[in-house]
Amino acid sequence: MKITIVGSGYVGLVTGACFSEVGINVQCVDVNEAKIENLKKGIVPIYEPGLDKMIVRNLEKGRLQFTTSLSEALKDSEIVFISVGTPPDEDGSADLKYVLQVAKDCGKYMNDYTLVVTKSTVPVGTSIKVKNAIQDELQKRNVKIPFDVASNPEFLKEGAAIDDFLKPDRIIVGAESARAEALLRSLYKSFTLNGHPILFMDILSAEMTKYAANAMLATKISFMNDMANLCEIVGADVNEVRKGIGSDGRIGNKFIYPGIGYGGSCFPKDVQALIRTAQENNYNLQVLKAVEAVNQNQKTVLYHKIVNYFNGNLQGKTIAIWGLSFKPQTDDMREAPSLIIVNKLVEAGAKVKVYDPVAISEAKHHFGDTITYYNDQYEALIEADCLAILTEWPEFKIPNFNIVNKLLNTAAIFDGRNIYDTYEMKKQGFDYFCIGVNTLTHMKNNLLRSVS
Ligand code: UDX
């Protein structure tokens, strides 16, 4: 089987690499010539564990090819995936110009039956627009070539995308003909053999499923962050509450970790796009609006803790930061809480020293020379007045606390990801602040508990 994947960004590359890994002939297309030239040499423009090796392996086997020519790629591909970007418009809705351009090009160049599958996250109803765009081009050419459209949203987590693709929780396909369904069932055969389900449905429901899934996950996080803030006020420990509610199977223990707000290329964009879709359909998505508002607020919570600690004045203070990417295992800083926190610290007059295992070069695009960058997590601490942890990279979890304590001017840690134990921090002599635990009240209550 031969397939074409248009758009060699994050989703397109992971999809192309994984399909070629199971023996399918894949042509990846992109308009960016420099990117394609690099990919032909095995130079991968994004950081995703395991991806570069998989691309090189399949390039060498000849099952994976890169080209800038969609017309060439289409010549012998029965299936075309659209995985180009859908950047948010000023009003928050997804900009479909790239998706529809690919649809047009498919109509322009296809010569035989083609199944055009939308993989990019697109608003509900986009596949109809894709279909119309293809149809219009065929009409212009005055030819009658059979084709189908389908929706096949992705559920890839950055940092775990290869695993998510190879062992999916489920594959969602919205299709409108038996032929399209059969083609996609056979394409995904290798991925469904071990009981990973493939769910077929109508196209609108498939498109909606992607948004509903991300909206639900974002809701869990914002709900937990809201609870965390209340826990702090009433003196409860959100870590205990999380375990307490997570053991109820109906709630589940995943995606209920409080923190400094969700970021990344999906949740913020998809939540806004779904609110927008609802508005366009005269429906008020109240819950999701609150999810968004809570998330905006949560990105400033750690900053306020730092300001309070220094009595409202950060002038002349030096703050060390560990972690800048929106989550571990990626250098992606899109919508990362660090963007807001670091900028607020700088605006307040603080000197900021940062360390991240992989996101430093990305960070330089955002912060330029307003902050200083370090290649070693301990070096960033020298003469800093406190440490703030913004990403839960594994290497931050068990640092040498003696060194941390010695290097910092003030032994104060602001942990935006709750990676340390309150008692351990107290024992190590730190002033410790995290999310959803008023460390002072909490210690007092628990001392009473251990005495009684
Ligand atoms: C997400 C979805 O998980 C994936 O299915 C979809 O296809 C794309 O969007 P991703 O953006 O890679 O994937 O990140 P994810 O691991 O889901 O984390 C998103 C954000 O939520 C991160 O900022 C993370 O720190 C935050 N998060 C996650 C929490 O704050 N608490 C949690 O319990 C889980």
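The backbone N, Cα and C atoms fix where each Cβ goes, glycine too.
Sequence-distant neighbours of CYS266 (active site, nucleophile) (same chain, 6+ residues apart, CB-CB distance under 8 A): THR121, ASN214. Per TrEMBL, the feature active site, nucleophile maps to CYS266.
A helical conformation is recorded for LYS269 (NAD(+) binding site) in the three-state DSSP classification. Per TrEMBL, the feature NAD(+) binding site maps to ASP30, LYS35, THR86, THR121, GLU158, LYS269, ARG334.
In the three-state DSSP scheme, GLY263 (substrate binding site) is classed as coil. The 10 Å shell around the Cβ of GLY263 (substrate binding site) contains 24 further Cβ atoms across the protein chains shown. Feature annotation from TrEMBL assigns substrate binding site to PHE155, LEU156, LYS157, GLU158, LYS210, PHE255, ILE256, TYR257, PRO258, GLY259, GLY263, LYS327.
The annotation domain 'UDP-glucose/GDP-mannose dehydrogenase C-terminal' is assigned in TrEMBL to 320-422.
Across the range of the domain 'UDP-glucose/GDP-mannose dehydrogenase C-terminal' (320-422), the DSSP-based residue counts are 36 helix, 19 strand, 48 coil. In this structure, none of the binding-site residues ASP30, LYS35, THR86, LYS210, ARG334 sits close to ligand 1 with a C-beta under 6 angstroms from any of its atoms. Taking GLY263 (substrate binding site) as the reference point, the binding-site residues whose C-alpha atoms are within 10 Å of its C-alpha, out of ASP30, LYS35, GLU158, LYS269, ARG334, are LYS269, ARG334. Residues near LYS35 (NAD(+) binding site) in space but far in sequence (CB under 8 A, at least 6 apart, same chain), listed by position: SER8, PRO45. Spatially close to LYS269 (NAD(+) binding site) yet at least six residues away along the chain are PRO88, ALA94, THR121, GLU335, judged by Cβ distances under 8 angstroms. Rounded to a whole value, the Cα-Cα separation of LYS157 (substrate binding site) and ASP30 (NAD(+) binding site) is 22 Å. Using a 10 Å Cα-Cα cut-off from THR86 (NAD(+) binding site), none of the binding-site residues among PHE155, ILE256, PRO258 qualify.
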